[in-house]
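These notes are about the structure you will find just below.
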Amino acid sequence: SAALAGTIIAGASLGFQILDKVLGELGKVSRKIAIGVDNESGGSTTALNAYFRSGTGDVILPEFVPNQKALLYSGRKDTGPVATGAVAAFAYYMSNGHTLGVMFSVPFDYNFYSNWWDVKVYSGKRRADQGMYEDMYYGNPYRGDNGWHQKNLGYGLRMKGIMTSAGEAILQIKISR
């Protein structure tokens, strides 16, 4: 079967079964994440970049995500016996002239840390970097608690999402009007 991470699928088909397949593609890694973002914003988004605070990505962010399509992405800890997690932010420039930022954290040590995630819309065009990561991580992020969360993102957009609590995490997000 073809690799899923780094691809675009129909937004309506995004779900846990697809994200489980993305996790499986990452192999036997103790800290990893499969991410799906469904674009139901009414406009398109174009990938800017991914910034990894810890860990890495094996695939490139899908470049162009039309309305009613979902992007699939993944991250994992660095290979080898290293005490790192998969912690990052990535950014998409939206056709409305603003930037969609997504942050996720799958830590190495669950004695001190938990899974966290957040989504934010930034005015204008902004690449993901340490500042964007910190803005969302230290802002008011959602815990990866196996529960659905939603909020108003501003600019006429809403977000609904869920992240699992495991070291092999799934993050599913829907951006809508």
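Note that Cβ sites are derived from N, Cα and C of the backbone, with glycine treated the same way.
Marked as region 'Plays an important role in the hemolytic activity' by Swiss-Prot on the basis of similarity to another entry: 3-12. Residues 18, 21-22, 25-26, 34, 38-40, 58-62, 64-66, 68-74, 174 of the same chain lie 6 or more positions beyond the ends of the region 'Plays an important role in the hemolytic activity' (3-12) yet place their CB under 8 Å from a CB of it.
The region 'N-terminal region' feature in Swiss-Prot is assigned to 11-30; the stated evidence is similarity to another entry.
As annotated by Swiss-Prot, phosphocholine binding site applies to Ser54, Val87, Ser105, Pro107, Tyr133, Tyr137, Tyr138. Long-range neighbours of Pro107 (phosphocholine binding site) (same chain, six or more residues apart, CB within less than 8 Å of its CB): Arg31, Gly85, Val87, Tyr113, Ser114, Asn115. In the three-state DSSP assignment, the secondary structure recorded for Pro107 (phosphocholine binding site) is coil.
Residues or ranges marked as site 'Important in the initial contact with the lipid membrane' in Swiss-Prot (evidence: similarity to another entry): Tyr113. Tyr113 (site 'Important in the initial contact with the lipid membrane') counts 13 other C-beta atoms within 10 Å of its own C-beta, drawing on all protein chains shown.
When each of the binding-site residues Tyr133, Tyr137, Tyr138 is scored by how many other Cβ atoms sit within 10 Å of its Cβ, Tyr138 comes out lowest. Same-chain residues with CB within 8 A of the center of the Ser54, Val87, Ser105, Pro107, Tyr133, Tyr137, Tyr138 CB atoms, the phosphocholine site residues themselves not counted, are Arg53, Gly85, Ala88, Met103, Phe104, Trp116. When Cβ atoms from all protein chains are considered, those within 10 Å of Ser54 (phosphocholine binding site) total 19, not counting its own. When secondary structure is read from DSSP and collapsed to three states, Tyr113 (site 'Important in the initial contact with the lipid membrane') falls in the coil class.
Taking Cβ-Cβ distances under 8 Å and a sequence separation of 6 or more, the neighbours of Ser105 (phosphocholine binding site) in its chain are Arg53, Gly85, Ala86, Val87, Tyr113, Asn115, Trp116, Trp117, Tyr137, Pro141.
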